[in-house]
Amino acid sequence: MASLCSNSSTTSLKTPFTSLGSTPKPCQLFLHGKRNKAFKVSCKVTNTNGNQDETNSVDRRNVLLGLGGLYGVANAIPLAASAAPTPPPDLSSCSIARIDENQVVSYSCCAPKPDDMEKVPYYKFPSMTKLRVRQPAHEADEEYIAKYNCAVTKMKDLDKTQPDNPIGFKQQANIHCAYCNGGYSIDGKVLQVHNSWLFFPFHRWYLYFYERILGSLIDDPTFGLPFWNWDHPKGMRFPPMFDVPGTALYDERRGDQIHNGNGIDLGYFGDQVETTQLQLMTNNLTLMYRQLVTNSPCPLMSLVDLTLFGSTVEDAGTVENIPHSPVHIWVGTRRGSVLPVGKISNGEDMGNFYSAGLDPLFYCHHSNVDRMWNEWKATGGKRTDIQNKDWLNSEFFFYDENGNPFKVRVRDCLDTKKMGYDYHATATPWRNFKPKTKASAGKVNTGSIPPESQVFPLAKLDKAISFSINRPASSRTQQEKNAQEEVLTFNAIKYDNRDYIRFDVFLNVDNNVNANELDKAEFAGSYTSLPHVHRVGDPKHTATATLRLAITELLEDIGLEDEDTIAVTLVPKKGDISIGGVEIKLAIVKLVCVVNLLTLQLNKDRFCYDSVFVCWFVCLFFNFHV
C-alpha cells in the first residue's frame, strides 16, 4: 500500500482553490374517503384560533397525497416552499452549523467561497471511454483495497498541507455538515436535504464528485467507490476493509456493535434485538421488501418525498427512513457514551449528520443508498422518476476534482450511466421476499379492542397499543385495487428532533405481538427519525410528521379484504412519541399528466392553493394532457 501511494505527492497538487476566498409521467395520488364525500373549494382556511390564514396550515390530505409521498406533508406548507425550485446555497451567508439548539459545531463547515458566485458555471459531464463500476465492498480484493486506502490517504494529507483545498477530506466531510445541520439558509429558511425530496439527488451528486476526486488523486479515472451491500445476506456485516486500525479507511468513532462479525440490523435504533442471526437476516430482507416494494408503488409513495423547501413538516421517503437511518445509527457511537477524546457522544461519527462524512464508511453506505434508487426503478410498475419541474430544476453547489466550483441540477443526475458510472450486477433476494407466515390464525376480534376514536389523539406511545379502525371500502375488485391504493395514515406524529425515533405498525395482531420477528404478513412498516436540525430557533425541538402505509397487499395476504373493520397495533421501539390521529383513505394511483401549476402566477404576490388543487383535480378526472 505504501509503495503504491509513494509515486506522487499530494503537496504538488495544483488546483484553482488558491484563488478562492474563505421519462414516463409520474403517478399522482389523490386521497378519497367515502366515495360520496363532497369536495369543497376555498382559498381561505380557518385555523384553531378562528383566524383566516391564506398561506399556512393548509391541510390537503383529502385532495393530494402526491404532495406528501409515503412520508409526506401533513400540513403547513409555507407559500415560499411551493413556488420555485430550491436554489443553490449562498456561500456568503453560510453560518455556524448546529448539533442541536444548544450545541454548535466547534469548527466551520462552510465551503471555500468562489470570488463571484454569479459566475459559477453549470457542470457539464466530461467525455468518457469507460464506465466507472462500483463493486460490493465485501468482494473487494487486496489490490482494490490498497488503491482505495491510498486515495483516501492522499485526500487526508491535504487536510494538513492545504486545509482550505475543497477536495481535502475534511472539506468534503463539511459538505454534509453544512447542508444538513443548518449551515445554509435561503430567505430565512434552513436548507435541509434530509426529510425532503432533495435527499437522493443531493447525495448522488455528492458521491459523484467525491468519487472523481479519489480517482484523480491516484490518477485512475476508472476508480469507483465500493458499496456496502447491506441488502444482501453476504453483505450484512461491517465491511472488513474499514475496520483495520492505522489505515485511512478506519475511524475510531464507531460503535462496539460493528465488530466480531455481528450482523447489521437494518431497523436498528440504539438497542440490540434479542434474536438469532438468522432471524435478524430475515428481518432485514423483510424490511427491504416492505420499503422498496410494498410501500413504494410509485415515486410519490417511495424514494422521493415531496416535502418542499421551507416546509415545517419533517418527513422522509421509504429508503431514507429504513434502512438509511438505522445503518447510520448502527455504525456510530452510542449517544451519551464517552468518545476517545473524553467528550460525550452525540452519535459521532455516523450517527449524527454533522460528523457522518468524517467516517470513510459514510460514502460506502451512501453508495448503496444511491444504488437503491436504481434498484427501485428496476422493480418496474409505476416506479419512475417524477417529472415535477421544481424538483428537476433544484440546484446544489460542489467543487470538482480540480477544485473548480460548479452548480448542478437534479435533472442531470437521474441516469447514473450518463453520469459515467454503474453498479456491479448483484442479486437482490429482498425483491421476492414477501412475508407469507401469519402471526395470527384468524381475524382478531375487533370488538374486543377500542376503536381509534377512543385511542387518538394519543398523548404518549409508551407501550404496545391496539385499536380497531373502519375501512372506506371492502370486497374491492382487482380493477378497483389497481386504480386505488388503500393507505393507512397516521397524522400529527410529534417527537423531539434531538432523539432517535422508531415505532412499528402491525395489522390483525394484538398488543402481545412479537415485534422482534418482522417476517410476518401482518407487519406493515415502521416510522423512524435521526437527530437533526430542521428549524433553527425552535426551543421545543418538536418535529411533526405523517406516516402513510400502503396496505392493499397486506390485506390480501392476511385475508381481510372483505372486512369492514380491521385491527391495528403500534409497538414503540425508541423515543417519546405522540400521535394526533389515524385514518384509512383510498389513493388513486394513475399515470396522468403533470401540469407545472406551481409556476402559474395566479397572483404575483402569492398563490391561491385551492385554485391550484382544482386544476390538478381537473387534470386527473378529465385526463387532460399537455
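A Cβ is built for glycine as well, from the same backbone N, Cα and C atoms used for every other residue.
Some features that Swiss-Prot has for this protein:
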- His176, His194, His203: Cu cation A binding site (BINDING)
- His324, His328, His366: Cu cation B binding site (BINDING)
- Cys94-Cys110: disulfide bond (DISULFID)
- Cys109-Cys177: disulfide bond (DISULFID)
- 1-83: transit peptide (TRANSIT)
For Cys109 (disulfide bond) and His324 (Cu cation B binding site), what Cα-Cα distance in Å is obtained after rounding to a whole number?
23
Rounded distance in angstrom between the Cα atoms of His324 (Cu cation B binding site) and His194 (Cu cation A binding site):
11
As a whole number of Å, the Cα atom of Cys177 (disulfide bond) is distant from the Cα atom of His203 (Cu cation A binding site) by 13
Round to the nearest Å and give the CA-to-CA distance linking His203 (Cu cation A binding site) with Cys94 (disulfide bond).
20
If you count Cβ atoms within 10 Å of the Cβ of Cys177 (disulfide bond), leaving out that atom itself, what do you get?
26
Using Cα coordinates, what distance in whole Å links His194 (Cu cation A binding site) and His328 (Cu cation B binding site)?
13
Using only C-alpha positions, which one of Cys94, Cys110, His176 is spatially nearest His366 (Cu cation B binding site)? These are the recorded positions in the record.
His176
Tell me which of the disulfide-bonded residues Cys94, Cys109, Cys110 sits in the most Cβ-dense spot, judged by other Cβ atoms within 10 Å.
Cys109
Based on Cα coordinates, which of the following recorded positions are within 10 Å of His328 (Cu cation B binding site): Cys94, Cys110, His176?
none
Rounded Cα separation (Å) that holds between His176 (Cu cation A binding site) and Cys110 (disulfide bond)
10
Counting across all protein chains, other CB atoms within 10 angstroms of the CB of His194 (Cu cation A binding site) number 25
Around the Cu cation A site formed by His176, His194, His203, list the extra residues of the same chain whose Cβ is within 8 Å of the site's Cβ centroid.
Tyr179, Cys180, Val193, Phe199, Phe202, Tyr206, Phe353, Ala356, His366
